[in-house]
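Participant: Relevant sequence annotations retrieved from TrEMBL are reproduced here:
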DOMAIN    28-102  domain 'Mur ligase N-terminal catalytic'
DOMAIN    115-344  domain 'Mur ligase central'
BINDING   Gly117, Thr118, Glu119, Gly120, Lys121, Thr122, Ser123  ATP binding site
MOD_RES   Lys230  N6-carboxylysine
DOMAIN    368-500  domain 'Mur ligase C-terminal'
Amino acid sequence: MYVQHYAKSILQCLVSIEPIAVRGADVTVHSLSYDSREVREGAAFFALPGVHTDGSKFIDAAVAKGAVTVIHEKPLPAYQAHTCYVQVPDVRAAMAAAAAAFFDEPSQDLITIGVTGTEGKTSTVDFIWQLLRLAGKKAGFSSTVSFSLGDEPVANPAHQTTPESITVQERLARMRDNGCEYAVVEASSHGLSPRTARLLHVRFDAGIFMNVTQEHLEFHGTFEQYRYDKANLFRALDTHAHKKKNGTVAPFGIVNLEDPSADYFAQATKQPVFGFSLRKSAVDAAAPFPNFAGGLYADGVQEGENGLTFTIRAALDGMQKSFEAAVPVAGFFNVYNILAALIAVHNLTGLPLDELVPLLKRLVPVKGRMCRVEAGQDFEVIIDYAHTPSSFQLIMPPVRERIKAKGGRVIAVFGSGGERDTVKRPEQGRIAAEYCDIIILTDEDPRGEDPVELLEMIAAGCPDKKRGEELFIIPDRPTAIRKAFSLAQANDAVLLLGKGHENSIIGKDGAVPYNEYTEAQNALREMKPLGKMYQK
C-alpha cells in the first residue's frame, strides 16, 4: 500500500538510526517497500533478511523498478550510480523507525490499544472496536481477520496477524488522516519481538493480556522467550509520555487473572493494571475482589441459541455493582474477551458501565470465530480458527457438554500448520480424542512438509481412536469436510477448525484459494435433497 502525498528524505526518516555507511547523496522518498515487486518510482527499498531467501538478492530488481535508495545490512558486491545506499546494523529496526517517521508518527495522534495473547486477540480487538463505534467514537483497528481505517472493515489479505512495520504505520496514518481518535491493534508475539520490530515504534496507551500457552516455539525457541516477547507490549507503556492530539492519556494494562502469567505481565509495566475473571476456580473465587482495582468479573454464564447471558460484577465508588449482559455471540470463552473490551473502553472513554453494557446486545460475531453454517441440515456445523491445544481446550468441552445433552456426537475436522511448532501436534490429537467422537485430520497449511507425515504426528496423540471408524486421515480438506458431513447424524456437531477467516491453503507450491464457509455450504448443498439426506 502507498500514500503518495508523504515525502521525506531517507536520512530524515532514519534520524534515530546510526548507519554503518551511506553511499550516495541523500534523496527524497515517496514510498517505502520491502517487496521488490511492489516498488514504485521514488521508493525506498528495505532488503530484509529472510528465512527462505534474502532481500539483498532483489536489490537490482527494486532499483530497476524505481527505488532511489536501498537500506541493507551486509556490504554489497556492487553499487549503482544515482542511488543512495544506507548500510545499517538491523534492517528491520531501521524499517520500523523509517516507517514511523515517514508517516509522521501516527500513533502519537491516536489513542492506541494493543491486545496480545495466545488466544482471543482477534475477537477482543473486534469487540473493542465495535464498542467504541457503538459509543459514538471514531476508531480503526488491525487484526488477523480484517482491518478498518475508520470505515467498514476490509478483509486482511495476508496470513500475518501483525503485518510488517510499513503496513502497520501506514494503516495507523490512514486512521489518523480519516479522523479516528482510537486505534486497536492485534499484537502478536512475532510483531512484539525485536527480531521483527513490526510494532517497535507504535506508542501504545493500553495493553491487554488475554492468556499465554505454548505456541510458536519454532520462532521464539522457548516458552519463556515467547512470554517475554509478548510482555513487550506492557513494557512499551513506559516508553513515552502518552501526549496525544486531544491531551495526555492515562495509560494502563489489563490482564486475565485466571492465567498463571497474569502477575508476570502486570509486573512488566509501571502503569496501573486492571484484572478480569470468571472466578471459575476455588482459588480465584476466594481471592480478594477486585484483585486489581477497577477490575471486572462475570458469573452465571449461560450459552443458548441466541448467544451468551451473564452477570457482570464491578466495584464502583466503593460499592459492588452488578449488570446483566446479553450478547448475541457464541462461545463461553468470549466472555473473557468481552470483559477485557469493557474495561478498555470504560477506562479510555470515561463512559459508565451502565451505558456500555446495554451496547453488548448489538455486538456481532467475528468472522471465522464460532460461526455456524446453516443449509437446513439437522446437525450443527461450526467454523472456528482454533488451531492450538489451548484453543481446543476452550472450544471443545462446552460443545461436547451441550451436544451430549441432546444425544449427539462431536466430529472434528482439523490439521496443523506446516513448518511451525511440531510439539503441539500430538497434544492437539490428545485433546481432540478426549472431547470428540470422530476425528478427521486434514490439511491446514502444510507448506513444505509432507501432509500425511504431518497428520500422522497429530494422530500419535490419539492412539485409542480406531482408524477408519473414529479416526481418518484425509489431506484434501474439501474431501475431509464431505466425509465429516456424510458421517454426521441428527443432533451431532461438526467442528471445522483451523482455517476460520483465512482465504487460502498454503502447500509446497504456494497458496491455493480456499474459503471454509463457502466449502461447507457447497458440501451441504451437494447432500440435498434434505429429506433423503438424513434418512439413516
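Positions of Cβ are set from backbone N, Cα and C atoms, glycine also.
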Participant: Going by Cα-Cα distance, pick out whichever of the binding-site residues Thr118, Glu119, Gly120, Lys121, Thr122 is nearest to the residue listed as 'N6-carboxylysine'.
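Facilitator: The smallest Cα gap between the residue listed as 'N6-carboxylysine' and any of the binding-site residues is with Thr118.
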Participant: Across the whole of the domain 'Mur ligase central' (115-344), what does the mean pLDDT come to? Round it, please.
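Facilitator: A mean pLDDT of 86 is what the predicted model shows over the domain 'Mur ligase central' (115-344).
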Participant: Take the domain 'Mur ligase C-terminal' (368-500) and count its residues per DSSP category (helix H/G/I, strand E/B, coil), listing them in that order.
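Facilitator: When I sort the residues of the domain 'Mur ligase C-terminal' (368-500) into the three classes, I find 49 helix, 27 strand, 57 coil.
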Participant: Among all chains shown, work out which of the recorded positions Lys121, Lys230 has the most CB atoms within 10 A of its CB.
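Facilitator: That would be Lys230, with the most Cβ atoms nearby.
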Participant: Is it possible to list how many residues within the domain 'Mur ligase N-terminal catalytic' (28-102) are helical, extended or coil according to DSSP?
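Facilitator: Its residues divide into 25 helix, 21 strand, 29 coil.
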Participant: Using other CB atoms within 10 angstroms as the count, which residue among the binding-site residues Thr118, Thr122, Ser123 scores least?
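Facilitator: Comparing Cβ neighbour counts within 10 Å for the binding-site residues Thr118, Thr122, Ser123 gives Thr118.
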Participant: Quick one, of the binding-site residues Gly117, Gly120, which Cβ has the fewest other Cβ within 10 Å?
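Facilitator: Among the binding-site residues Gly117, Gly120, the lowest count of other Cβ atoms within 10 Å belongs to Gly120.
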